[in-house]
Amino acid sequence: SQANFEEDSQKQPAVGHWKPLMPSKGSKEEPETGCQDAGGVDETQSTEQLNVSRLRSSSVEIREKGSEFLKEELHKAQKELKLKDKECERLSKVREQLEQELEELTASLFEEAHKMVREANTKQAASEKQLREARGKIDMLQAEVTALKTLVITSTPSSPNRELHPQLQSPSKAVFRKGHGRNKSTSSAMVSAASQNVTPEPVSHECKEVDSILFAEFQAWKESPTLDKSCSFLDRIYREDVGPCLDFTKQELSELVRASVEQNTLTIEPIASQTLPVVKVSAEECGGPKKCALSGLPRTCKHRIMLGDSGNYYYISPSCRARITAVCNFFTYIRYIQQGLVRQDVELMYWEVMRLRREMSLAKLGFYPSDM
């Protein structure tokens, strides 16, 4: 029986099987064998437990190291992300600044371009206006030169030109003289600015004597003719004739008329030939067909004046027109002398100036032809 037990114990595996601790009745050696088997099992179990604990400790260590590594990587990634955010913010500010500068530059360029266009248009309009005025003045001067040459060439001491010397004409004939009329669009300026010389008596029956002071002043002026009124010749005429002749009730408008006459920019035209829209100022200042703008009195106005290119028209009575025309005739003649267009003896030019002064004196006293 002992041999059988040993065979059975050899055949059965020693690990993983539990044997009874109590020996069987037929054998005394069974308890010893059971104790040996129990000791092997315990040793195996402790080895397995040790291996498991080692595996667990190693896995925990790996997990901790992995966690630390991931934390370090996360920290690095957060730092890089913050740097990227700062860089993006800086680039955004740079882009906004560039966009703002670009907008300001574009706006300034457009503004400068518009300014240049406006200035170019203004200069072009001014140039065209000056060109039209220059052409009008050239036409007017050419007509004046032609007429003056005709008068001067055809006048000789033996056969004087009666139009150049009105004292040789009969009082029934009217003599027209070019004044300060100026119109760029029509040729009616020369007709509208013409005035009829006042000859109340035949001059041929008058006795004349040269005033030495006046003649000396005229000779001094003739040596170097100028329109500067500071010279003694023109200063006397301004004080004695031009000033009183252009002294109207409306003082402010009188000053404007005087300046326009001196600058040769006054236009006189009949009311019947109105082609432009009337009046940019009040009716009181401009007068009307039944009220003179210079005297302020109720008069029938047949003409109107424009000062320069202002576009404002002022209605004037026949008496005011005669006074303005007389002054214009005087300035026209001395301009001819200044430009060298009058080729006469000094004494003849002197008497022509005296005749024009007499016209101004008569006009300021209220004498004027009936057809004005």
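Positions of Cβ are set from backbone N, Cα and C atoms, glycine also.
According to TrEMBL, the region 'Disordered' annotation covers 1-57 (among others).
Annotation comment: TrEMBL describes 43-57 (among others) as compositional bias 'Polar residues'. Look at the compositional bias 'Polar residues' (43-57): DSSP puts its residues at 15 helix, 0 strand, 0 coil.
Residues annotated as domain 'GDP/GTP exchange factor Sec2 N-terminal' in TrEMBL: 59-149. In the domain 'GDP/GTP exchange factor Sec2 N-terminal' (59-149), the DSSP tally of helix, strand and coil residues is 91 helix, 0 strand, 0 coil.
Summarising the annotation, TrEMBL assigns coiled coil to 67-151.
The region 'Disordered' feature in TrEMBL is assigned to 176-197 (among others).
Taken from TrEMBL, the feature compositional bias 'Polar residues' applies to 184-197 (among others).
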Just to confirm my parser: what is the rounded mean pLDDT across the coiled coil (67-151)?
88
